[in-house]
Amino acid sequence: MFLMGPTASGKTALAIEMAQKHNCEIISVDSALIYKQMDIGTAKPNAAELALAPHKLIDILDPSESYSAADFRRDALIEIEAIIKRGKTPLLVGGTMMYFKALLEGLSPLPSADETIRQQIQTRADIEGWEALHQSLCEIDPVAGARIHPNDPQRLSRALEVYYISGKTMTELTQTKSAALPYEVVQFAIAPLDRKVLHELIAKRFTIMLEQGFVEEVNSLMARGDLHLDLPSMRCVGYRQCWQYLEGEFDYDTMVEKATAATRQLAKRQLTWLRGWPDVHWLESGAESNLVTLQRQRG
């Protein structure tokens, strides 16, 4: 079973209840929860919640490390098989839609990241600008060039990196995919009916995070000395804005405003993915009937 939804929509609480009452085991599908030492800003389930319903694929990486959709697919397939062998139902819960898509449909055989080539691309961008690199991509791979915006350095860099490593364009390589998920899946999405309600939930949750010590959490991460804002972990919503606040780029109130706005944008992107997602059953956040609906559709 998939339980998808935007941030702050109530996925975790519903998943824990489902796991307790209906013989499920939870696998996290979240690119932020994979990181250790990042508990408050990721809204990671607390010790009491994890005691009620353990989650697979959380706290598996140091914040200095990277983790791809391919890494997730590999690890999730191992966990799914183990859960099924135990006679239980895998319940995959989260909002990282790229992970869900990779698991469901399979992935193209793209080469692993090469830090040396990536740094060469960054150095060239620092000198020539990303606009010039985008022009290079358009010449190498017009299809990818049309799809990737010049102001999207992460995807632009990856497209060039793939070509420099393999000698083939990303468009060529993405025409072949690994096998789709070899299991029947029932898919659910949970969200408030009113976007205003979701925005209120996001603001309330960030306030609670601050009360729980989020700024202190980010300060501890900064104090390690080996982390920086270009790492995937530090690009997680809230962490980047709090880091910038601690470096003196803006004041506390601006940090709160920017972090909340970034979280709203994340939720908007997640909902955009979900509205185009096939074969999904929608649930309303907080509805008392959700557990019954999950169990009925599960069959």
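Positions of Cβ are set from backbone N, Cα and C atoms, glycine also.
Some features that Swiss-Prot has for this protein:
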BINDING   Gly5, Pro6, Thr7, Ala8, Ser9, Gly10, Lys11, Thr12  ATP binding site
BINDING   Thr7, Ala8, Ser9, Gly10, Lys11, Thr12  substrate binding site
REGION    30-33  region 'Interaction with substrate tRNA'
SITE      Thr96  site 'Interaction with substrate tRNA'
SITE      Arg118  site 'Interaction with substrate tRNA'
REGION    154-158  region 'Interaction with substrate tRNA'
REGION    235-240  region 'Interaction with substrate tRNA'
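The structure, with features from Swiss-Prot marked on it.
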residue	record	Cβ contacts under 8 Å, 6 or more apart
Gly5	ATP binding site	Lys11, Gly95, Ala189, Ile190, Ala191, Gln270, Leu274, Ser285
Pro6	ATP binding site	Gly95, Ala191, Leu198, Leu266, Ala267, Lys268, Gln270, Leu271, Leu274
Thr7	ATP binding site	Ala43, Gly95, Ile202, Val237, Thr263, Leu266, Ala267, Gln270
Ala8	ATP binding site	Ala43, Leu198, Leu201, Ile202, Arg205, Thr263, Ala267
Ser9	ATP binding site	Gly95, Ile190, Ala191, Pro192, Leu198, Leu201, Ala267, Ser285
Gly10	ATP binding site	Ile190, Ser285, Gly286
Thr12	ATP binding site	Ala43, Pro45, Glu49, Val93
Thr96	site 'Interaction with substrate tRNA'	Val29, Asp30, Ser31, Phe72
Arg118	site 'Interaction with substrate tRNA'	Ser157, Glu161
All-chain count of other Cβ atoms within 10 Å of Lys11 (ATP binding site): 26
Using DSSP, what's the helix, strand and coil tally for the region 'Interaction with substrate tRNA' (30-33)? 0 helix, 0 strand, 4 coil
Around the ATP site (Gly5, Pro6, Thr7, Ala8, Ser9, Gly10, Lys11, Thr12), what further same-chain residues have their C-beta within 8 angstroms of the site's C-beta centre? Gly95, Ile190, Ala191, Ser285
Give the sequence-ordered set of same-chain residues, not counting Thr7, Ala8, Ser9, Gly10, Lys11, Thr12, with Cβ within 8 Å of the centre of the Cβ atoms defining the substrate site. Gly5, Pro6, Ala13, Ala43, Gly95, Ile190, Leu201, Ser285
Local confidence of the prediction over the region 'Interaction with substrate tRNA' (30-33), expressed as mean pLDDT: 98
